[in-house]
Amino acid sequence: MAYPVQLGFQDAASPIMEELLYFHDHTLMIMFLISSLVLYIISLMLTTELMHTNTMDAQEVETVWTILPAAILILIALPSLRILYMMDEITTPSLTLKTMGHQWYWSYEYTDYENLCFDSYMVPSSDLKPGELRLLEVDNRIVLPTELSIRMLISSEDVLHSWAVPSLGVKTDAIPGRLNQATLMASRPGIYYGQCSEICGANHSFMPIVLELVPLKHFEEWLLSML
């Protein structure tokens, strides 16, 4: 859950998001070390009068500044590629949820069950109950089980949308005529908020996403009440 004046990421609630946070810290440390080294060299150049005016060739230096950046790029690329493959991997999902974007609401269909589908609209500010969040609450939440692999099938009925839930590390474009796929697995119960992350028209800001992640037993009880 985000909070005002937040500078960092939201707390990770899925294995994918945890990996993304580790990769962010890994890359940020490399960037910090490189920036510190460059600033140190610049400060030396500005504060000293020593210089080599007759240097015409320095093969050792050229070799170092060719090999070192290549090694750094490899250190960044390898974990990045690993996470990309993890995000695309779909292994025998326990549940499939089809998501369709509209101007300006979402519709959901639990494809493993017959006639279990609904639309999800933002709750107007005038109808909010105490404790509910402005521009983030919906009339019908998605209810999903925790610790199970869930396949998301995402598309759009009209224009480009993007289905994004930061805490779960999910952001997939909803494109008309194309069915995109994503994996979702929550590591703990909770209510997670997201929004459409692709400018899609006048009411783009009013397309919230709310996921209620519950233990499997509670999910089965919810299913019985909906079917």
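Placement of Cβ uses the backbone N, Cα and C atoms for every residue, glycine included.
Quick caveat, the model's predicted, so the values are computed rather than measured.
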Legend entry - Further binder of Cu cation A1 named by Swiss-Prot next to HIS161, CYS196, CYS200, taken from the candidates MET152, MET207: MET207
Inset, instruction - Take the C-alpha atoms of HIS204 (Cu cation A2 binding site) and CYS196 (Cu cation A1 binding site) and report the distance between them in angstrom, rounded. - result: 7
Legend entry - DSSP-derived structure type at HIS161 (Cu cation A1 binding site), helix or strand or else coil: strand
Inset, instruction - Write out the long-range same-chain contacts of MET207 (Cu cation A1 binding site), meaning residues 6 or more apart in sequence whose Cβ is under 8 Å from its Cβ. - result: GLY101, TRP104, TYR105, TRP106, MET122, HIS161, GLN195, CYS196, CYS200
Inset, instruction - Taking the Cβ of HIS161 (Cu cation A1 binding site) as the centre, count every other Cβ atom within 10 Å, in any protein chain shown. - result: 30
